[in-house]
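Here the structure comes first, spelled out in structure tokens, and everything after it is commentary.
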Protein chains: 2
Amino acid sequence: MVIRYPNGQTRTDQQLNKHKILEESKKSNFANRGMRFEEAINVSNEYYLNRNIAVVHKKPTPVQIVAVDYPRRSAAVIREAYFKEASTTDYNGVYKGLYLDFEAKETKNKTSFPLKNFHQHQITHMKNCIKQDGICFVLLWFSSLQRCFFFPSHLLISIWETNQRQSIPLTTIAQEGIELTMGIAPRIPYIQAIDLYIQTKENHYGK
Amino acid sequence: MVIRYPNGQTRTDQQLNKHKILEESKKSNFANRGMRFEEAINVSNEYYLNRNIAVVHKKPTPVQIVAVDYPRRSAAVIREAYFKEASTTDYNGVYKGLYLDFEAKETKNKTSFPLKNFHQHQITHMKNCIKQDGICFVLLWFSSLQRCFFFPSHLLISIWETNQRQSIPLTTIAQEGIELTMGIAPRIPYIQAIDLYIQTKENHYGK
């Protein structure tokens, strides 16, 4: 295919593709690439795993299996199963001996992050992990703004428990959290935020 | 209900129940109670969680969901799904800031633990976690002997990688691992073994 431009210039598909790749690499953002937030986190986890930086995995969706078929010469097929409520957050793992635990959520809102995105079991789990000195946080994605934040769970919990707010204002998140600059690899460089968070914590508590 | 014994004595249900509970508390072993090894670990995890000792969960079985029905007024039903291979071990969590990662396996063998119980993806995952200074181990249950051992993953990995053995001799496990004395609560007191393991490690490496 040849595209004819008003000025008479032409471009081949190949040139167009090159151009497109260049443009995409400029916009270093998973959202522009049609990648969902969760997928972007998963590929970031793969990046960290492959480079021996951290071992973080998404937990499988909990399912109650009721009936399974075992057809001959082929794989077992689950024929009846139900979604169960998770008892933890979605992601956990290890980084330099530290236990990491987090949840990733997105909103289309532009000024605040609705608390309805979180569930009591997640809050309870985060509280338990904090008691054990785990590094607990949430990754918050404002899809309309294309901004992503690391926000410590202990702050989320205290807002959740005051019970007066339906949402966390973006201003609070920007001030108390750590904004992540989206990259190519890793897409969501949350380990950088953890480093900064630990540093701040150590300075704060004089650990 | 009243049971009439040959000697003429009777016992009420209540008395029987009391007796049963007493008997059961004497046999301090999950195996005698018809509880599977995995269940015994799960209730031990609950015990640790409820007492704020550690936060450890079994990961859900990974399932690839293909078709879901949404009947009116009732829960979504998964109608077609397949088992996927896990990319990690079954258990992980946090204890005093430490990342814990383990797999639980059982055998009927009496003299050695067959390595066929483990899979390459589990070994790879344990290696990755060790690189990040996670506490990695396996819980080995000899059901015929009713003996349970904590065995550090780094030893399992080195045996796995020498590739000459089909199994780990019980003598090696007893010597290099830590035997767990089964209890009522927790059934499988693996945190005790972790404490001992960390202590030994610290003495060994002078950390």
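Yeah, the Cβs are placed from backbone N, Cα and C, and that goes for glycine too.
Taking all protein chains in view, 21 other C-beta atoms sit within 10 angstroms of the C-beta of A:Gln122 (Mg(2+) binding site). According to TrEMBL, the feature Mg(2+) binding site maps to A:Thr88, A:Asp90, A:Glu103, A:Gln122.
Under a cutoff of 8 A between CB atoms, and with a sequence separation of 6+ in the same chain, the neighbours of A:Lys105 (site 'Transition state stabilizer') are A:Phe113, A:Asn117, A:Phe118, A:Val138, A:Leu139, A:Leu140, A:Trp141. According to its DSSP assignment, A:Lys105 (site 'Transition state stabilizer') is in a strand. Sequence annotations record features per position, and here TrEMBL assigns site 'Transition state stabilizer' to A:Lys105.
Using a cut-off of under 8 A between C-beta atoms, the recorded positions A:Thr88, A:Lys105, A:Gln122 that neighbour chain B are A:Thr88. Comparing Cβ neighbour counts within 10 Å across the binding-site residues A:Asp90, A:Glu103, the minimum falls on A:Asp90. Cβ neighbours of A:Thr88 (Mg(2+) binding site) (same chain, under 8 Å, six or more residues apart in sequence): A:Lys59, A:Asp101, A:His121, A:Gln122, A:His125.
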